[in-house]
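Written below as structure tokens is the structure these notes are about.
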Number of protein chains: 4
Amino acid sequence: MSLTDAQRAEIAAHAQETSSTRRPTVPALEAMLYEPQEVLDHGFLRVIDYMGDDSAIVQAARVSYGRGTRKVSEDAGLIRYLMRHRHSSPFEMCEMKFHVKLPIFVARQWIRHRMASVNEYSARYSILDSEFYIPAPDHMAAQSAVNRQGRGDVLAPDDAAAVMDILRDDAIRTYRNYETMLSTEEDGYGLARELARINLTVNTYTQWYWKIDLHNLMHFLALRLDPHAQYEIRVYAEAMLKILHAWVPQTAAAFEDYRRGAVTFSAGMLKIVRRMLAGEQVEQAGSGLSKREWDEMMAVLKG
Amino acid sequence: MSLTDAQRAEIAAHAQETSSTRRPTVPALEAMLYEPQEVLDHGFLRVIDYMGDDSAIVQAARVSYGRGTRKVSEDAGLIRYLMRHRHSSPFEMCEMKFHVKLPIFVARQWIRHRMASVNEYSARYSILDSEFYIPAPDHMAAQSAVNRQGRGDVLAPDDAAAVMDILRDDAIRTYRNYETMLSTEEDGYGLARELARINLTVNTYTQWYWKIDLHNLMHFLALRLDPHAQYEIRVYAEAMLKILHAWVPQTAAAFEDYRRGAVTFSAGMLKIVRRMLAGEQVEQAGSGLSKREWDEMMAVLKG
Amino acid sequence: MSLTDAQRAEIAAHAQETSSTRRPTVPALEAMLYEPQEVLDHGFLRVIDYMGDDSAIVQAARVSYGRGTRKVSEDAGLIRYLMRHRHSSPFEMCEMKFHVKLPIFVARQWIRHRMASVNEYSARYSILDSEFYIPAPDHMAAQSAVNRQGRGDVLAPDDAAAVMDILRDDAIRTYRNYETMLSTEEDGYGLARELARINLTVNTYTQWYWKIDLHNLMHFLALRLDPHAQYEIRVYAEAMLKILHAWVPQTAAAFEDYRRGAVTFSAGMLKIVRRMLAGEQVEQAGSGLSKREWDEMMAVLKG
Amino acid sequence: MSLTDAQRAEIAAHAQETSSTRRPTVPALEAMLYEPQEVLDHGFLRVIDYMGDDSAIVQAARVSYGRGTRKVSEDAGLIRYLMRHRHSSPFEMCEMKFHVKLPIFVARQWIRHRMASVNEYSARYSILDSEFYIPAPDHMAAQSAVNRQGRGDVLAPDDAAAVMDILRDDAIRTYRNYETMLSTEEDGYGLARELARINLTVNTYTQWYWKIDLHNLMHFLALRLDPHAQYEIRVYAEAMLKILHAWVPQTAAAFEDYRRGAVTFSAGMLKIVRRMLAGEQVEQAGSGLSKREWDEMMAVLKG
């Protein structure tokens with residue numbers, strides 16, 4: 001991770017200030033606050049602020065006057081109920097703000113989640129650092145033969161090394177030219193920042209502040225933890241998932257059960273499962289499902 | 001305000017819990033936390049939680065690593081700049097959660113602001129209290145003669161008293177019938193809650209948890225503090241405005257200057273102001289403005 | 001349904017105007033355009049405008065230059081794929097605008113769907129008609145004993161009639177008092193419209209224009225067609241479902257299969273289904289599911 | 001513009017299909033439908049579909065049953081009123097869908113407008129064309145000395161030519177390496193598409209379908225037609241503005257007057273204008289405005 005000493009010092013200073021508050025507070029999360037988790041070769045993700053906890057969800061769902069006197073187990077039961085029946089508004093009552101450093105091509109996927117707030121580092125206003133993502137050899141994969149938007153086998157070591165060289169060389173060259181175009185020295189051109197940056201490759205790192213409520217965060221996670229999500233965004237989702245468990249453990253447990261590990265059966269699939277449970281031998285041919293759907297379902301049923 | 005002793009005790013208990021946090025904390029707001037402000041005859045508004053402060057806005061706008069070492073005056077200048085140029089995303093980085101008790105007809109206007117999260121007390125699930133809004137005599141106004149959706153003069157005292165009687169009698173009668181329809185006693189009907197409640201009048205009080213970011217809160221305030229907003233929602237906006245000044249004083253000051261006290265001149269109006277400043281006598285006739293626009297503009301220019 | 005002759009004439013005149021367009025057009029839907037479908041005792045729902053069709057979804061998903069030359073079956077397959085994998089953006093590319101007349105308490109549930117545009121008839125500006133919803137005897141149900149927010153058995157005929165009388169009497173009385181408060185005649189008070197209307201009951205009808213994209217419409221339908229949705233909003237959803245089938249038949253078929261008729265199994269339920277399919281006898285006791293979840297799952301598996 | 005003959009033929013075929021519709025139809029816009037307007041060196045913008053017209057806004061604002069019998073001048077007056085008083089919901093009742101080809105760095109600014117629907121061409125799934133934006137010499141500008149995120153003077157011809165060479169060479173080289181990494185031929189690596197594309201520069205063209213309602217479109221235009229918007233996105237906004245005038249001429253006229261040509265005066269500025277109009281000589285020193293605000297205001301007042 002490419003944090004300068006000055007940045008580390010700034011983070012450390014920030015982390016030392018403590019205050020007394022009457023707001024819901026989560027000690028396990030306080031311990032992680034501001035601390036960057038490394039992601040990819042130069043990226044990171046850190047929590048800047050949060051609002052709410054498991055109890056805040058319960059309190060909002062009950063529109064209550066205080067924290068109430070119910071047992072923890074009752075609260076957990078209500079959270080499971082809300083998750084199972086896809087109630088969204090109580091989960092919207094919690095909020096998290098992250099500082100993320102990520103490659104531009106990951107940022108482009110990420111921003112598709114519109115129900116969030118973003119402040120991105122501006123390359124019109126400032127100069128980007130010379131940092132770009134190069135996949136590690138064990139993630140340098142061939143195009144999948146079966147999935148048009150997926151990866152297949154990892155490249156042979158020599159090929160992986162050759163590809164890494166290409167990516168690194170091009171990133172360095174385009175960045176040097178970016179610097180040359182910006183430079184107001186004799187051999188530079190003094191080009192406007194907003195133009196010079198168009199020469200950078202999409203694996204260049206950018207960074208942003210990103211704020212999202214818990215409902216939408218879980219929606220993001222459900223999509224981006226999926227094995228079909230691109231690896232380079234999935235690793236950010238995995239870093240967030242750890243934070244989720246520290247922040248709202250009951251909600252995170254319900255999320256694992258009812259979202260992440262859950263599977264939706266269509267009306268057609270459900271009929272087949274019922275026939276199977278009744279002891280019938282069902283084949284794809286007479287199932288009413290396409291070959292693809294049949295295979296997807298059987299993979300799920302076999303676990 | 002109709003808080004029961006049990007509710008007051010619950011609030012007081014909640015307010016006593018304090019924790020240590022490393023998050024941005026605003027002492028002036030902590031002092032107001034959970035405490036209900038009375039609004040209208042039975043309503044209230046209280047802050048349940050908040051995220052961020054003036055510095056958090058600046059920090060997000062700069063995508064910075066820590067709180068930085070700039071002077072307070074520089075931060076205030078940046079906040080003013082962001083407000084003047086209608087930057088919205090840094091203000092979205094702060095969040096506030098309210099608990100509000102309000103008449104249904106006010107809730108219906110309020111909910112038109114979609115960029116917020118709501119958990120409302122459910123009259124399908126629970127039984128509403130016997131509380132309804134009756135305007136005080138000095139707010140019991142006649143239909144405006146000039147504004148189709150506004151109020152004119154206050155009613156004569158006798159008329160105001162008669163109207164209050166009508167409103168109170170009808171609210172009481174419909175509520176008693178609501179109870180009768182719900183009752184499972186011998187003289188009741190055991191009707192489903194979701195049906196019995198359809199007999200209630202729209203001045204019945206409901207309550208909700210409402211969470212909104214600072215950008216959207218200021219948009220709400222700009223619209224609902226306006227003299228053309230209905231009095232009964234304006235008083236809630238005024239209660240929030242006090243909270244805004246305690247929470248983010250620099251942002252609140254910029255809001256007063258660039259939003260609340262600001263006026264937008266159309267291209268056509270601007271031309272006239274320029275002619276006036278050049279010493280020309282301009283009349284409505286040759287102004288290109290309609291009578292209505294001319295009057296609106298002159299009212300603004302005279303202050 | 002309470003359409004005046006003047007309103008019917010206005011609708012008929014509007015419906016007769018035809019134009020030539022190069023936009024995607026759906027003849028089956030054109031035939032229904034503007035025509036009110038009756039819902040409840042005085043409500044209606046009618047389509048005012050629409051954008052897109054099944055092909056438009058496919059075209060957007062492919063970011064294509066024209067309608068393409070693929071077979072209808074390929075398009076249907078892509079639509080099923082998009083629905084199964086919860087792709088939302090191609091479905092957002094179609095849009096529908098409705099004019100709806102509905103009781104206020106239904107409007108209050110409906111408006112919780114924030115991803116839509118609304119223009120409601122203003123009771124601050126205009127005078128509401130004397131129309132209120134009274135449930136028919138076969139929908140006049142007792143409070144459910146098992147579901148805190150549901151209905152149980154239908155009331156006995158005498159009780160239903162008595163409740164209908166209460167609802168009707170109160171609605172008429174509050175409406176008459178609304179008129180008296182508004183009236184500028186000698187026996188009236190000339191009260192401002194925005195105040196007089198607070199005396200109306202929440203079964204009073206209002207109306208609005210409501211515009212929503214196809215993705216969010218299906219989300220609305222998935223929630224509001226559910227047997228747990230209140231009957232009075234479900235009937236509007238059912239009227240929309242008919243329109244959906246006329247408008248985008250392939251999408252509607254996929255919706256029935258993958259959303260409306262689909263069931264989500266949690267990680268815990270899935271394990272049990274796998275054990276059952278492997279021939280094991282599983283009991284609730286050792287299942288890891290709560291009694292409630294077990295019952296819900298068994299109900300689904302038995303169909 | 002880089003449309004292939006096949007794409008032109010597909011567009012032409014699509015444009016020839018006409019249908020009869022009862023929906024609001026705008027002949028001036030029908031004439032432009034599907035036709036690409038060229039933007040930048042390889043980009044374009046074309047209207048794919050639309051919903052509504054000026055009358056539809058009026059009809060929604062009035063929640064009316066038909067097109068009504070009012071005069072065109074009354075409708076225009078209402079539209080001006082709605083625009084002046086910042087009513088947003090009636091304008092949300094119209095919708096437009098575009099197909100846009102644009103450089104990635106422009107797409108990154110554009111997508112910040114969240115209240116819209118997008119389907120982008122997927123570089124995980126498909127291979128991007130070899131097309132990248134190179135600024136023309138008269139747009140090849142130096143960094144502004146006064147505005148950290150703006151452009152100053154145009155570069156000298158030799159410098160501009162040198163920069164163009166750098167940009168072109170780097171784009172071509174990174175694209176060739178992209179092809180090599182993708183290639184499954186002997187000298188290629190068969191790398192996954194989702195990885196190979198990370199080598200492309202942000203001036204590479206992408207394309208998308210983009211759908212937005214009229215209210216949000218005008219918000220986009222107000223921001224992106226501004227002289228401070230980057231030139232490369234402003235030209236797309238200008239192409240849309242032409243379409244706006246063809247589509248909803250009354251709304252477009254009101255937009256020019258009340259939004260694009262309008263200026264907002266803060267409370268502080270307003271006080272000064274009042275003093276000036278009263279004949280007082282006001283200087284920045286005693287104005288209460290910062291030097292920067294004062295200069296901004298004087299520039300506006302001088303026109």
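Keep in mind that glycine also has a Cβ here, set from the backbone N, Cα and C atoms.
All annotation found in TrEMBL is predicted automatically rather than curated by experts.
Worth saying up front: this structure is predicted, and the values here are computed from it rather than measured.
According to TrEMBL, the residue from C:Arg84, C:Arg151, C:Arg168, C:Arg224 that belongs to the dUMP site alongside C:Gln109, C:Trp110, C:Ile111, C:Arg112, C:Glu120, C:Tyr121, C:Ser122, C:Ala123, C:Arg124, C:Arg197 is C:Arg224. Residues C:Arg112, C:His113, C:Arg114, C:Glu120, C:Asp213, C:Leu214, C:His215, C:His219 are recorded by TrEMBL as FAD binders, and the candidate that the same record lists for that site, out of C:Ser89, C:Ser130, C:Ser144, is C:Ser89.
Neighbours of C:His219 (FAD binding site), defined as other CB atoms within 10 A of its CB across all chains, total 17. Listed recorded positions C:Ser89, C:Gln109, C:Ile111, C:His113, C:His219, C:Arg224 compared with chain B at a CB cut-off under 8 A give C:Ile111 as the close ones.
If you draw a 10 Å sphere around the CB of C:Gln109 (dUMP binding site), it holds 20 other CB atoms from the protein chains shown. Proximity to chain D, defined as a CB-CB distance below 8 A, holds for none of the binding-site residues C:Ile111, C:Arg124, C:Leu214.
If you take the C-beta of C:Leu214 (FAD binding site) and look for same-chain residues 6 or more apart in sequence within under 8 angstroms, you find C:Gly52, C:Ile57, C:Phe91, C:Glu92, C:Met93, C:Cys94, C:Glu95, C:Met96, C:Val248, C:Thr251. Checked against C:His219 (FAD binding site), the binding-site residues C:Gln109, C:Ser122, C:Arg124 differ in C-alpha distance, with C:Gln109 being the nearest. In sequence order, C:Ile212, C:Asn216, C:His219, C:Phe220 are the residues of the chain that are 6 or more apart from C:His113 (FAD binding site) and have a CB within less than 8 Å of its CB. It is 20 Å from the Cα atom of C:Glu120 (FAD binding site) to that of C:Arg224 (active site, involved in ionization of N3 of dUMP, leading to its activation). For the pair formed by C:Ile111 (dUMP binding site) and C:Ser89 (FAD binding site), distance between Cα atoms is given as 22 Å, rounded to the nearest Å. With a 10 A radius on its CB, C:Glu120 (FAD binding site) counts 18 other CB atoms from all the protein chains.
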